[in-house]
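Pulled from Swiss-Prot, these are the features on record:
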- 3-23: transmembrane segment (TRANSMEM)
- 49-69: transmembrane segment (TRANSMEM)
- 71-91: transmembrane segment (TRANSMEM)
- 111-131: transmembrane segment (TRANSMEM)
- 145-165: transmembrane segment (TRANSMEM)
- 179-199: transmembrane segment (TRANSMEM)
- 204-224: transmembrane segment (TRANSMEM)
- 228-248: transmembrane segment (TRANSMEM)
- 256-276: transmembrane segment (TRANSMEM)
- 307-327: transmembrane segment (TRANSMEM)
Amino acid sequence: MFSVVLGAAVAFFVTVTLGSSFIRFLQTRKFGQYVREEGPETHLIKAGTPTMGGVLMLMGLVAGLAVVARPNPATFSVLLIVAATAGVGLYDDWQKVSKRHSEGLSARYKFLLLSLVVVLADVMALRYVGVTQNVIVPGFSNNLVLGPGVVGVGLFSVLMLFVIVGTTNAVNLTDGLDGLAAGAGGIALLTYTAIAFLERQYDLAIICGAMVGAIIGFLWYNSHPAEIFMGDTGSLAIGGVLSAAAILTKTEMLLPVIGGLFVIVALSVMIQVVVFKLTRRRVFKMAPIHHHFEMLGWAENKVVVRFWIVQSAFSALGFLMYYFFLYSSV
């Protein structure tokens, strides 16, 4: 427990300490955010705010882990997944900055790159970490075995595709208001810190805890009005840690509950697109759903805090489901 707290504290301290200098560095090189014209009008004043803040979070994470983490396959596996997802996000951010446009990588190309991350995660999980090809469903006494040999590996790979690509994209969609994705991600990762600790996966608990510390440090600058945005670098990194934590703790089926807010945000976009294509009408004033509430007149801070409360409720429910259906049954 001491190592978890120490890692989080170091990550927080380093992120806060380096924040101002990193923001000035981004401003000097004009690495600013380009805001979509079709977005809320209140967001137009955010144009030019430094982006790629996920790099700052990762510096805090690395610093925290350098102090307390132990080198082993589990640690390296999680860090490789995080580095790979963050790398895709960084490339996307760079495309936006270099092209001076709010659109980065195409959805198809980003999916392809994240699919390659899944292949990497698949190899690390099955070959080096020893993750089994079974799925634990809360409330059921028997595990769901995906199948023997090649069939099992194939089905497990499909599951990992849904977990990693789905989670990273859902967190990315949530990153639309100052502090929203960071705060919600921190809450979900705090839950996984506790789960990993109870599972005696202490190295994973240290990584999740350090990421929470880095996120809190990032919120020092990302809270409204934000001085820096995390960009895809940060949102995909958070999604990467969440995905890895779910896979290693065998709580893939609980991830949609623990990260419930991200699911709601992603569903709001899918519902909006499908209904509009079928009926030419919109369910929400604007998607993702946090912009809908902005259009209703809610202040940005109010939307963010209320969504944090919703995410806290989901994470608490997910932890209780884990504790009573999975942990207590062992």
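Every residue, even glycine, has its Cβ placed from backbone N, Cα and C.
A quick note: this is a predicted structure, and the numbers were derived from the prediction, not measured.
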Exercise for the section: For the transmembrane segment (307-327) and the transmembrane segment (49-69), check the count of CB pairs under 8 Å (sequence separation 6 or more) and say whether it reaches 3 or more. Expected result: no
Handout entry: Long-range Cβ neighbours of the transmembrane segment (228-248) (under 8 Å; 6 or more residues past either end)
Key = 19, 22-23, 26, 33, 49-58, 74, 77-78, 81-82, 84-86, 88-90, 92-93, 104, 117, 121, 125, 129, 131, 160, 163-164, 167-172, 174-175, 181-182, 185, 188-189, 192, 195-196, 201, 204, 207-208, 211, 215, 218, 221-222, 254-255, 258-259
Completion exercise
In the same chain, residues at least 6 away from the ends of the transmembrane segment (204-224) whose Cβ sits under 8 Å of its Cβ atoms read 3-5, 7-16, 19-20, 23, 53, 56-61, 64-65, 68-69, 74-75, 78-79, 177-179, 182-183, 185-186, 189-190, 192-194, 196-197, 230, 234, 238, 241, 244-245, 248-249, 300-301, 304
Handout entry: Surrounding residues of the transmembrane segment (3-23) on its own chain - C-beta under 8 Å, 6+ positions past either end
Key = 50, 53, 55-57, 59-61, 63-65, 67-69, 193, 197, 202, 205-206, 209-214, 216-218, 220-221, 227-228
Exercise for the section: State the non-local partners of the transmembrane segment (71-91) in its own chain: residues 6+ outside its ends, Cβ under 8 Å from one of its Cβ atoms. Expected result: 52, 54-55, 58, 61, 65, 105, 110, 113-114, 116-117, 120-121, 124-125, 128-129, 164, 168, 172, 201, 203-204, 207, 231-237, 239-241, 243-245, 248
